[in-house]
Every structure is written in C-alpha cells, then in structure tokens.
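As given in TrEMBL:
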DOMAIN    27-214  domain 'Reticulon'
TRANSMEM  41-70  transmembrane segment
TRANSMEM  156-177  transmembrane segment
Amino acid sequence: MQTSSTSAAAADSTKMEGFWSSWKCQAMELLYWRNLKQTGLVFGSVLLLLFSLTQFSVVSVVAYLALAALSATISFRVYKSVLQAIQKTDEGHPFKSYLDMEMALSHDQMQRYAESAQYYVNGTLKELRRLFLVQDLVDSLKFAVLMWLLTYVGALFNGLTLLIMAVVSMFSMPVVYEKYQAQIDQYLGLIKTQVNSVVGKIQEKIPGAKRKAE
C-alpha cells in the first residue's frame with residue numbers, strides 16, 4: 001500500500017514538473033518571438049487590454065469584452081443555423097466540440113496548484129521577515145534603498161503605466177539581450193564591479209555590516 005502511494009506521489013511530481021517545464025518553454029517562445037504571429041497576437045491583446053484600463057474602469061472593460069465575445073458567438077451561431085436551414089443539413093451545434101470538452105479541474109490538480117502557490121507565498125513571507133527584521137544588515141539596507149527609489153518611481157508613474165512598461169520590457173528586452181548579449185554582459189559586469197566596490201566600502205564603515213561568511 002505504501003509502495004503504491006509512493007509511486008502515485010512520484011507520478012504526480014513528474015506530471016507537475018512536466019507541466020511547469022512545458023509552460024516555461026511556451027513562455028520563452030512567446031518572449032523571444034519564435035512565432036511572430038502568435039507573439040504579436042498575445043502582445044497586442046495584452047497592450048490593448050492595459051490601454052483600455054487606462055481609459056475605462058475594470059468593470060467597463062470586462063463588460064465590453066464580454067459583449068464583444070457574445071456578439072461574435074451569437075452571430076456565428078445564428079449564421080450557422082441559417083446556413084443549415086438553407087442547405088437542409090443537420091450538422092448540429094457549431095460549438096458542440098467545445099461544449100463537450102472537459103474543463104473541470106480535478107481534486108489532485110487543485111491540490112498541486114495550491115501546494116505550488118503555498119510554496120511561493122511561504123518563501124516570500126520568509127524573505128520579507130528576514131529583510132524587515134534585519135537578519136542581514138546589508139540586504140536590509142539594499143531593500144531600504146530599493147524602496148526609497150520606488151517612492152520616486154511611484155511619484156512619476158501610476159501602477160498601470162508601470163505595468164504597461166513591464167509588459168513592453170518583457171517582450172522586447174529578451175530579444176535585445178539575445179542580439180547584443182556580449183556588449184550587455186560587458187557593461188553589466190562593470191556596473192556589478194562598481195556596486196560591489198561601494199557595498200564593500202559601506203561594509204567596512206558600518207559596524208556589524210560584514211557578512212559572517214566573509
């Protein structure tokens with residue numbers, strides 16, 4: 001009984017890893033524009049949605065999207081019904097294949113997703129606790145500087161603008177980095193050296209700032 005339980009757990013773990021691996025591969029293909037038509041469609045749709053949210057409320061955008069989808073499906077349903085009546089055919093419901101498709105999540109799938117979400121939430125809470133309770137002074141100082149910089153960013157841009165900039169960066173920076181990787185790595189190396197030099201000087205001047213490993 002224990003062997004079968006272990007085998008089932010191993011199978012579930014393998015399926016979960018396969019799912020995340022497949023999802024990551026699809027995400028990489030989108031971000032690196034491997035399929036121009038597919039990436040362009042996703043990128044354009046996301047940008048259109050975000051720009052719509054800058055002009056209308058979330059409720060209005062959702063309502064308009066639902067109306068557009070319903071208009072398309074109702075029109076197609078009526079068109080197919082009229083076409084079948086004229087041709088005197090009985091092809092059935094035009095969306096029958098989609099209506100028969102299984103869309104319910106099983107208990108095991110829900111449990112796997114919940115466990116995955118729990119893992120990331122717990123990791124984030126532990127990291128925030130470590131930073132706010134100053135387990136490592138240097139890391140907490142870096143976090144404080146980051147939050148201070150974000151106050152200026154927040155004063156210049158609202159959340160939606162930052163989200164639009166993030167989406168544009170996600171779909172442009174990977175391609176730029178892939179094309180100019182050598183030059184970018186060189187400049188990043190110089191910046192990292194300068195930052196490490198500044199951090200080292202700060203660690204020497206602040207008592208207790210040096211890491212234990214050093």
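Yeah, the Cβs are placed from backbone N, Cα and C, and that goes for glycine too.
Bear in mind that TrEMBL entries carry predicted annotations, made automatically and left uncurated.
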Long-range neighbours of the transmembrane segment (156-177), counting only residues six or more past its ends (CB under 8 A): 30-33, 39, 43, 46-47, 50-51, 53-54, 184
Would you mind listing the long-range same-chain contacts of the transmembrane segment (41-70), meaning Cβ under 8 Å and 6+ residues beyond its ends? 30, 160-161, 163-164, 167-168, 171
